[in-house]
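Residues or ranges marked as active site, proton acceptor in Swiss-Prot: Y23. According to Swiss-Prot, the active site, proton donor annotation covers H100, on the basis of sequence analysis. Annotation source Swiss-Prot lists substrate binding site at N74, H80, D87, L101, S102, R111, citing sequence analysis. The feature site 'Transition state stabilizer' is assigned by Swiss-Prot to R18.
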Amino acid sequence: MNNILVINGPNLNLLGKREPDIYGNITLENINQKIKLHFKNEDLKIDFFQSNEEGKIIDKIIESEKKYNAIVINPAAYSHYSIAILDAMRSINIPVVEVHLSNIYKREEYRKKSVTAEASLGVISGFGYYGYIMAIEFILNNLVRENNIVVH
C-alpha cells in the first residue's frame, strides 16, 4: 500500500470562513473528504495534517520520510518566506508536490514568489481543492506505479 501525507499550513483550518471570495465556501474537512472519496478505490492511504505553527510543519515533514511515499503540501503563507520549511523539504528523500488553492500569480505581489517551490517536484496553483487530487494523481501515475526514481 502506498502512503501519502497531505500537509496544510496556516489558516487553512479557516477555509469556509476566510476570504470566501478567493477560497470559496469549502472547508478543509470537506476538501479532505473529497480527496478520500476520489481515491477510495486505490491501494492508497492518505493522511492529513494541518498546523498554524511552522515548527510543527517542519517536524511533520522530517518525520514523514519513514512512513510515506510522498507529500502533498500547501504551505500557505509560509510558502512565501519559510526557508526553514524549504530546508526541511530538501532534507527528505521522498517527492513533494506543492499545491495552492488560489492562483498565487493573480494575487498580491508578495504572494507570487514561493520559496518552498524550490524543493518541490512541481507546483499546482489555482484549481481549488482539485489541485490536491491532481498532485496525488501525478504521484500515483508518474512516481509510484512506474517506480520512477525522483531526485530533488
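Just so it is clear, glycine is given a Cβ too, placed from its N, Cα and C backbone atoms.
Residue with the densest Cβ environment among the binding-site residues N74, S102: N74, by other Cβ atoms within 10 Å. Put plainly, the binding-site residues D87, L101 were compared by Cβ crowding within 10 Å, and the winner is L101. In this structure, S102 (substrate binding site) belongs to neither helix nor strand by DSSP; it is coil.
Counted over every protein chain shown, other Cβ atoms within 10 Å are most numerous around H100 among the recorded positions R18, H80, H100, R111. The residue listed as 'active site, proton acceptor' is 7 Å away from S102 (substrate binding site) when you measure Cα to Cα.
If you take the CA of N74 (substrate binding site) and look 10 A around it, the recorded positions you hit from R18, Y23, H100 are H100. Residue environment of the residue listed as 'active site, proton acceptor' contains 19 other Cβ atoms, counted within 10 Å of its Cβ in all protein chains. The residue listed as 'active site, proton acceptor' falls within a helical segment according to DSSP.
Rounded to the nearest whole angstrom, the C-alpha distance between L101 (substrate binding site) and Y23 (active site, proton acceptor) is 7. For the substrate site listed in the record, the two most distant Cα atoms among N74, H80, D87, L101, S102, R111 lie 24 Å apart. Of all the recorded positions listed here (H80, D87, H100, R111), H100 has the Cα closest to the Cα of Y23 (active site, proton acceptor).
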